[in-house]
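A.B. asks: Just passing along the structure, written as structure tokens.
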Amino acid sequence: MAEKVLVTGGAGYIGSHTVLELLEAGYLPVVIDNFHNAFRGGGSLPESLRRVQELTGRSVEFEEMDILDQGALQRLFKKHSFMAVIHFAGLKAVGESVQKPLDYYRVNLTGTIQLLEIMKAHGVKNLVFSSSATVYGNPQYLPLDEAHPTGGCTNPYGKSKFFIEEMIRDLCQADKTWNAVLLRYFNPTGAHASGCIGEDPQGIPNNLMPYVSQVAIGRREALNVFGNDYDTEDGTGVRDYIHVVDLAKGHIAALRKLKEQCGCRIYNLGTGTGYSVLQMVQAMEKASGKKIPYKVVARREGDVAACYANPSLAHEELGWTAALGLDRMCEDLWRWQKQNPSGFGTQA
């Protein structure tokens, strides 16, 4: 009997790619999403998941639901017997979190507390949580390993991820029957090789690569580069970009780990290589054959100069390594953008 996995926020960018990998690995994903950051499409399914069904030839069970809706969550857990929960649902824009801290704390913290309480009540004590490298704050050393201090976060989004990590750690400490894998993502980019699913930000992209690809396709005039006076090789910010398919596969490895009764484990998911903004622009120009105009503007509050992972622990304990490099990330991102110039709203 295939094992059921609840995926919260599963219609979003990382969620939809993970649902695809779950199906390929033989799991039965049940997806909930409130469409805050997902495209509705015409049918009963979010467009991203409709396409996942097409790609895999398997059906996806989906319910429109907000994790703040306690009654709906209760009904869901009564209806299904879940082996584990992969928890993506949450607000995720750094800049917006500075403007709207209460929204971020309400959705991310209250939503997660409710989810954990309902999991506990139904005896579902296996969790994969999508955390973030933002929990490290300003790096004290590089590359960042899991032992690097956390909590010196520069914005409410990062703080909310840090607080949730602490809650889950405390829960696993108090009750040894809980197992949790906390995955600290670095900077996901790229898209599925088919070009059928990818990142489709609602509104102006907050992240570099979707913005760059929208400039390349002509949706936006020029890229703003936030600061070129950082202490890096070319003065622009350096980040660890990871292919979203590699990231999604990390969640399958995390589910396997849960079966070992692992307690609470924490892993970086990154490549271990940092690239600057200008290196990413050049790589995207190469992949797309387009010139990408940019202008340098003031630094963005809360941005750090450089941030990249030491991913060796995930390799040792999860058997997971990022396999897809920079050129592949950009080629796949460009294929998605070219086939879907308006994102999921593009009519075939």
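Placement of Cβ uses the backbone N, Cα and C atoms for every residue, glycine included.
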A.B. asks: Return the residue out of K78, K120, K159, K161 that Swiss-Prot annotates for the same NAD(+) site as G12, Y13, I14, D33, N34, F35, H36, N37, D66, I67, F88, K92, Y185.
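C.D. replies: My reading of Swiss-Prot gives K161 as the candidate in that site.
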A.B. asks: Please list, in sequence order, the residues in the chain of N206 (substrate binding site) that are at least six apart in sequence and whose C-beta is under 8 Å away from its C-beta.
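C.D. replies: Those within reach of N206 (substrate binding site), by Cβ under 8 Å and sequence separation of 6 or more, are A93, V94, G95, E96.
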A.B. asks: Taking DSSP as the reference, which of helix, strand or coil describes S132 (substrate binding site)?
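C.D. replies: Its secondary structure by DSSP: strand.
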A.B. asks: List, in sequence order, those binding-site residues among S132, Y185, N224, R239 whose Cα sits within 10 Å of the Cα of K161 (NAD(+) binding site).
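C.D. replies: Cα within 10 Å of K161 (NAD(+) binding site): S132.
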A.B. asks: Fill in the CA-CA distance, S132 (substrate binding site) to D66 (NAD(+) binding site), as an integer in Å.
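C.D. replies: That comes out at 22 Å between the alpha carbons.
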A.B. asks: Long-range neighbours only, meaning 6 or more apart in sequence with Cβ under 8 Å: which ones does R239 (substrate binding site) have?
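C.D. replies: The answer is F186, N187, L208, G274, Y275, A306, C307, Y308.
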A.B. asks: Within 10 Å of each Cβ, count the other Cβ atoms and name the one among the binding-site residues H36, K161 with the highest count.
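C.D. replies: The most densely surrounded of these binding-site residues is K161.
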A.B. asks: Validating a neighbour-count step here. Other CB atoms within 10 A of the CB of G302 (substrate binding site): how many?
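C.D. replies: 18, counting other Cβ atoms within 10 Å of G302 (substrate binding site).
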